[in-house]
Amino acid sequence: MPATILKSTASSKTLLIIKFDTNSSRYPFYKKHLLELNSESTFLGLLTKGQADTSITRLNQDDVRLFEKAKTVADRTKDVAYSFSDPILSTQLRTPPPQPTSIRYLYFGTYRIKPWYTSPYPEEYSCAKNLYICESCLKYMNSDHVLQRHKMKCSWSYPPGDEIYRDKNISIFEVDGQRQPIYCQNLCLLAKMFLHSKMLYYDVEPFLFYVLTEFDGQECKVIGYFSKEKRSASDYNVSCILTLPIYQRRGYGVFLIDFSYLLTQVEGKLGSPEKPLSDLGLVTYRSYWKMRVAKALLEITTPISINAIAKSTSMVCDDVISTLESLSVFKYDPLKKKYVLQLKRDELENVYKAWNIKHPQRVNPKLLRWTPYLGEEQISNLLLKENILIPLPQKRLLDNSHHLDSV
Amino acid sequence: MQTFRLTSTGRNILRPDELAFQPREEIPYKSFHPDLQIDEPLEILEGDHTQYAGLRDSLVTYKSENSYVLKALLNAKIENVKPVGVQTENINPQEKKFGYKTAKQLDWSPDEYFKFVAIHPYSKTSFPVSYDLDELDTMWLTYYNEFQLSSNSEWENVSKEFLEIVLTIIEREWLYLEAWMPKIEPVRVEDELDGRCVICNEAECENSNAIVFCDNCNTSVHQNCYGIPFVPEGQWFCKKCLLAPHEVICCAFCPDRDGAFCTTLDGRWCHTICAIAIPEISFHDTSRLDLVRNIASIPKSRWKLVCCICKLRWGTCVQCSDKNCYAAYHITCARRAGFFYKIYSHSASYDSVDMETYCDKHTPPDYLNGLMKRLFPLAELYYKRMATDVPLNFQATKAPDFVPEGPWKSHPLPAFIVDKVTKVLLSYNVKRQDLPSIVTDICKFYHMKRRSRKDAPLLKSQLLMDSLENLPVRASKDRVRSLEVAKALQDQYQSLLTLVESTAKRQLLKCQLSNLRKKFLNLNYFPAQRLLQDTLVKIIDLDVDGLFNMPLDNGWIGWVELKRQVFSYQIGSISSLEKKLEPIWDVDGVIQCIDDMEQLTAMVQFAQKTEGEVKKLFIKAKIYFESLSLDERGNLKVPSLGINGLEYDNWPGLNELEMSQLDIPSQGNLKSLHDFIEGLDLNEKIGKFPISMFQNQVAQFSTIEIPKMSGRANGMHNFHSEDVTGQSNHALPNSVTKKNGTKQPYTKNSLPFNERITRSKAKKNYS
């Protein structure tokens, strides 16, 4: 035995202490490599001793002095001098330190916006007085100095995804949360400042982001976006939707909603926004649904089921029924226990026309160049449908028992 | 989601006050129209509808407009500001190619849709700079240039762009190095409670309330439970690991040494969970859940409760929420033992807390999948051990005033990185005379900056992340060799383990073997011993009331002493035992010793009653003893059975190797040995005697060799001396040596019992 185990203690981090037999022929081999392997000084054996040498970067007094000097000057420009997440702060002070304040202003391109809600940015940024966001890549910064440095090299002129729709200068990009997590996280963090109930910030992988942009002659600027689960268990076609405050009340929200239903239509599904909706979202959706259902009702002449209306509008039945109610079309006769649709065509026409006047910007399905997102499962289903894959015959459990009976 | 109660008719009852909080759109239609068939075509009515007389709005009970009032919509406060000026004209062209903006415009053609293609981050001629200088970097650069200029008048100023380029490369190379480094994590015993928050005992977490793990002790806590307003980007340490990473500390309210600690206002340690669970105390610093106050208001009765798990008189306990249960325990003990507890707080600062907790009897059996059954004994063991290991003391509850330097690790950059960065710069044609020394200085700055950021990386870039995913495995020679070493070591460790196991097994067998040998020797050299013991036990059993337990003046030594003498080999023969018993039958002697009439009567009656029986027992024993074939020294004759013969038997599990080391006995030997073992009494008392005595005994029979006896016998000696205290130095009694003692004639007292009593009384009166 060239090595013997001396002891292992649970309390310390050392698991084993190995004592080598110095008379063993393999001792030099062990000594040279194993001890080096286990030491941090060579980066766990990744580097040679010469490579891992840190003597030339060892700090001397001048280095530390320069750094401290720069740090004190730089800290003076900041609002907060200490770190709020420092857990020993209160123990040191023996009194509660002041509460962290939230971001006062958001600088986004040429705009200064007062955020409505707090967003879970990292501490450095959450506690800063102002937050600066690059309108091209959505990187967040806590000082205009950094922004200036950043602007010198940010070369993004459109979101990091594929353009799937373009109508004049309006474009929609599909960004995959798995391929561009940082961009999507930044987008979510930005959106949280204007949304009350939003739970998604960092786990963006299972989502697709549809970013609406406007081309201003130089780059495609973000107007709004909606996110959509790649695979939704409950017919949700929108999980989060936002128009940036700068562009609000210009019909972009409705445009995004219309677009989301277009995607659902192409997929051949029924869709509904993820609930609960924000106040603004509810108002927008209500008016959109009314228009959508009114249009569908104007086209019908024969008795029609709720399901058929849902299919023609790509809306789920729940949404269809609630919209029929609010249009006062959906009636009930308690004597005959029967539901009927009572149409007043002129009223419906008014609803449809009024909406169209208010929202001139419409989605043109012809301009969409898009194939639905396919997961592995869907691809295999597709292959099965096309008879490319032949399903395996399932074994019948009953066969055996029949056999036994006959015997 | 709102639930609706169903009446007997099946129709939902809608209560407007319940629904007012939810818009109509968020309630499923089934709640309003339970009998609606969505596949059934609905008739369309236009104008008159005479056939539907009772037609009305379908939604009678719910008015969406009234029930759900939208709050006033927020108006965004937006101002126009001047955009940040960007000047890239003055940048050194050598540095400008690293992704600094040029006036190039986006190629925008109306028909061509953009397709995002991730560019290869690092081409041969340039790569995109991703680091943006902050104020600190700029200040440092200014001071650095000044400092260099003061010592060297020909110093060429380092530009901001240059610093950005170098920092980007350092970050990249450092990240690669870390990615290449093998991940070594200390092996931990996986526990069902691992990964659960040590405060609320829940494993679930959400985005805004994540579970954070301490980078030193791996304690896991929820952000809200432990008061962590922001999760730092770098490392995070719990308060204990920050303030006293190497000390053993004590909570002021419970005996548990692990868990998430905070401090009290008077500077002591305390578990956050203790501070939450004990109703009287609260947090002074409510956002960080620190500085526990109102400790004085804890009633004395709470301090007096004794925990049913740790059974230690330390700290304050909580009690079972069951109305009729008074079981008290520390909340940390309860967590360790898997008791049910749940904290309902009315505020984030845990000012007023309702707590539901149940003791072992009232914890729901399916809580944590019935983990309590397994954890409870473990917890008891933990505290039992802890009480002896490092006892609780008040000194250890004191939190330090002085805060040492934080445990944040940051490694100075190795020469490898400096060389690599210089090489990369040279390959991109960045030329400068004093390049290596500048790179070294920037590396130092990088180290200091990273340390000040608690080792959080300086750069967060998609390009870097993407390039990490495609990182080639760096299989250097060293690493292959290290792997070999590790594998060899693993093998050796395995064989070492096997060896230890077989050694333990062998020792166990040897122990059993020597026990047997001890029994055998016992039987061989003290053939009467077992007979004596058995007989004595039978006789003592006769004396159910223990009349003769105590010694008497007439020479009777008492059952206890007699038993001790017999079992410690002080009585060698049956006749000497008989002799010892004689005072019992000596009625006169007994009468003289006892004053109490009642007792005396009982004793004399007992003696008369049992005398015959005892005599029979002795005769039986003697007959049996004579039937034993003894040799001339009084030892049991074992046909040709040496002491070594006892070394073997078919022990289960004894392997071939072990067998071969022993001498192989003859079949006859084995058989007689087997018979012997069958006949042995398994009484533990046999053979419990000091080995020194035994050796004296052996010395007398010098013709018999007892090989390898002393070593093992020492062990037996120790074992024995605990049982018979004060006997180890006892000289061997004479009776043992007098093996063939003469038979004592059995004298029988002929006088009837009553007469003797009266006579002795008369005697007493006279005297």
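We number each residue from 1, going along the chain as drawn.
Each residue, glycine too, has its Cβ placed from N, Cα and C.
Features reported for this protein in Swiss-Prot:
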DOMAIN    A:98-372  domain 'MYST-type HAT'
ZN_FING   A:131-156  zinc finger
MOD_RES   A:Lys198  N6-acetyllysine
BINDING   A:Ile241, A:Leu242, A:Thr243, A:Gln248, A:Arg249, A:Arg250, A:Gly251, A:Tyr252, A:Gly253, A:Val254, A:Ser278, A:Ser287  acetyl-CoA binding site
ACT_SITE  A:Glu274  active site, proton donor/acceptor
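Here the zinc finger (A:131-156) has long-range neighbours at 77-78, 103, 105-109, 115, 121, 124-125, 183, 186-187, 189-190, 219, 221-222, meaning same-chain residues at least 6 beyond its ends whose C-beta is under 8 angstroms from one of its own. For A:Thr243 (acetyl-CoA binding site), the same-chain residues 6+ apart in sequence whose C-beta sits under 8 angstroms from its C-beta are A:Leu212, A:Ile223, A:Gly224, A:Arg250, A:Tyr252, A:Gly253, A:Leu256. Reduced to three states, the DSSP call for A:Gly253 (acetyl-CoA binding site) is helix. Each of the binding-site residues A:Gly251, A:Gly253 was scored by the other Cβ atoms within 10 Å of its Cβ; the lowest score goes to A:Gly251. On a Cα basis, A:Glu274 (active site, proton donor/acceptor) lies 10 Å away from A:Ile241 (acetyl-CoA binding site). Of the residues the record lists as binding acetyl-CoA, namely A:Ile241, A:Leu242, A:Thr243, A:Gln248, A:Arg249, A:Arg250, A:Gly251, A:Tyr252, A:Gly253, A:Val254, A:Ser278, A:Ser287, the two whose Cα atoms sit farthest apart are 18 Å from each other. A count of other CB atoms within 10 A of each Cβ picks out A:Ile241 as the most crowded of the recorded positions A:Ile241, A:Arg249, A:Glu274, A:Ser278. For the zinc finger (A:131-156), DSSP puts the residue distribution at 8 helix, 5 strand, 13 coil. Cα of A:Arg249 (acetyl-CoA binding site) to Cα of A:Glu274 (active site, proton donor/acceptor): a distance of 22 Å. The residue listed as 'active site, proton donor/acceptor' sits 20 Å from A:Gly251 (acetyl-CoA binding site), taking the C-alpha atoms as the reference points. In three-state terms derived from DSSP, A:Thr243 (acetyl-CoA binding site) belongs to an extended strand segment.
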